[in-house]
């Protein structure tokens, strides 16, 4: 990728490491030189990120100068110093960063981890199949002191998966409920990474067994990246909406205290005895309240007869009492 300025004046080495300050590693200069260099590096990142998004079929770029300033990510830029008449051209980029992920292992157990992730990887189309991608990837592995199987990859393309299979023999994918791809060898070197213990709930384990039989999460996957994306979007059963709901104490109380309706005009509802499982879920206080409640009496409404108007004056004369003027809102309160 060519630029209107001298790329070799910015990057002194073939592979440069860029942090959130947008300055190449080992940069030296005053504040004005640093501002100019960071501005040009931001332009390079924007152009390369847009080209990467187009190559992957994304609607917008996921790698920009502003995003690199906002997050603690590391960007590796590969430069060909001999291109563009000796001014240098940018060949590719590789963005790395740690993400907190919820991943499943081969046995279907759930782990919360924060592994190093490949967030964006792009080599210009004119320089592909020339060893540039392998050179950039190997440099990153040496700098991060990590193996290729220990990385989680964000939405890898078909070319990226073929690249990993060709150079690192990574092909056994463990499907996840997110857009990240990990391989079967991922957990062999991450014994100390899990933050939370694996979920051992009986309901979750039984659900996992049924999913493993049908080719669901946790089982080794040999399909393509598109199949993985479609699979993860169509199987949200173990995401947050598929979590087990706690039992309702109010529902248990209502279920055991509903009256039996008969043909009588007055029906007494007797509280049914609670099982041991209900006692454990409701608690001693709820059981005491239920046992101390009196029987509920339900009276069926009788036919309503028409009421004739009653004169307050006649009532007062019948009892030889003078009528009392009362408040219309509070009839029990005499006005005088």
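Glycine is no exception: its Cβ is also placed from the backbone N, Cα and C atoms.
Predicted automatically and left uncurated, TrEMBL annotations should be read as such.
Now, the feature entries from TrEMBL:
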- 121-134, 157-166: acetyl-CoA binding site (BINDING)
- 1-187: domain 'N-acetyltransferase' (DOMAIN)
- 56: site 'Crucial for catalytic activity' (SITE)
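On the backbone, the CA of residue 164 (acetyl-CoA binding site) and the CA of residue 56 (site 'Crucial for catalytic activity') stand 17 Å apart. Listed in sequence order, the residues of the same chain lying 6 or more apart from residue 121 (acetyl-CoA binding site) and placing their CB within less than 8 Å of its CB are 52, 92, 93, 94, 95, 133, 137, 160.
If you draw a 10 Å sphere around the CB of residue 130 (acetyl-CoA binding site), it holds 11 other CB atoms from the protein chains shown. Counting every protein chain shown, the number of other Cβ atoms lying within 10 Å of the Cβ of residue 164 (acetyl-CoA binding site) is 22. It is 158, among the binding-site residues 124, 127, 158, 161, whose Cβ has the fewest other Cβ atoms within 10 Å in the structure shown. You'll find the Cα of residue 124 (acetyl-CoA binding site) roughly 12 Å from the Cα of residue 56 (site 'Crucial for catalytic activity'). A straight line from the CA of residue 127 (acetyl-CoA binding site) to the CA of residue 56 (site 'Crucial for catalytic activity') spans 16 Å. In the three-state DSSP scheme, residue 121 (acetyl-CoA binding site) falls into the strand class.
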